[in-house]
Amino acid sequence: MNKSFILSTGSYLPKKKLGNDEIALMVETSDEWIRQRTGITQRYIADEAELTSDLAVNSAKNAIEKAQISVDEIGLIIVATTTPDKTLPSCATIAQNKLKCKNAFSFDVQAACSGFIYAVTIADSLIKSNDRIKYALVIGAEIMSRIVDWKDRSTCVLFGDGAGAVIMKSTAHCNEMTENSTRGIISTNLYSDGNVDVLCTKGGISSTGDSGKIYMNGREVFKHAVDKLTASIEETLRCNNLKITDIDWLVPHQANIRIIEAVVKKLNFLMEKVINTVDQHANTSAASIPLALDYAIQKPKIKPGSLGILVAIGAGLTWGSVLLRY
């Protein structure tokens, strides 16, 4: 049966770093307050001239180079983002133009912080159903600093900018089947519940004429995040007849170290098997998981043949997970 696997990863972070002490000069907070409650020490901020598509393209080039493929071989491009360059066209088609990728079809996915999970799931389904797609480029890219209220200390300390990308390959185009037969996306699950008020923007194009700024009910988000991330992982294990001890690594959405620790405790998982970049990247929304995945593979904390789970939750609420063998 045709399936997909992650061939390569890439990432891009803007040059500017914004530390907690610098934020403390903007709002009433402190490095200690931010660290204790979130685990975040810094975040990256895009230059005024940078667009989300620029971040996406830079991460894509990194992944394409590692995959050692031509852009002409890419048949599908999906960009997961909440902060596109324009209302239309999609960020994916803009990135496609900048990459000079002529043979793909492209579109955006908007599922907030769960966007990359949604995008990988869609790409996997399209690869399985379309033998003509040899390679898919899946990107999570965000400039969250543009929709943050920098006067709201409860949210402005949480977010950062960045992009991560993966090249997914179809096994229908593999000559090296003995090498890649065990690699691949094994299962995915996606959910949403329409609980829109706990995490949203105060405004939008059709309601206020602008993108709006982020609003969050922190306590409610924490409770939902811990319960839903845990349940998604448990469902993945149940559906695949696995135990938590079978999992070699976990890449959770990098929102808050306290959420990650609470999920790990409920699962009775080992914290040393968890990929954690929230301290350096902060919450980069849809870019969070591909950034962390690329970091872990480069270290290498994720090694070929290992079994792992990607899991995220975002506004909507939306959540889900991907089980894969790298």
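Every residue gets a Cβ built from N, Cα and C, even glycine.
What Swiss-Prot says about this protein:
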- Cys113: active site (ACT_SITE)
- His253: active site (ACT_SITE)
- 254-258: region 'ACP-binding' (REGION)
- Asn283: active site (ACT_SITE)
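A distance of 7 Å separates the Cα atom of His253 (active site) from that of Cys113 (active site).
Under the DSSP three-state reduction, Cys113 (active site) is assigned to helix. Geometry remark: Asn283 (active site) versus Cys113 (active site), CA distance 9 Å.
The Cβ of Asn283 has fewer other Cβ atoms within 10 Å than any other of the active-site residues Cys113, His253, Asn283. Shown for the region 'ACP-binding' (254-258): DSSP residue counts in helix, strand and coil, namely 2 helix, 0 strand, 3 coil.
DSSP classifies His253 (active site) as coil under the three-state reduction. A strand conformation is recorded for Asn283 (active site) in the three-state DSSP classification.
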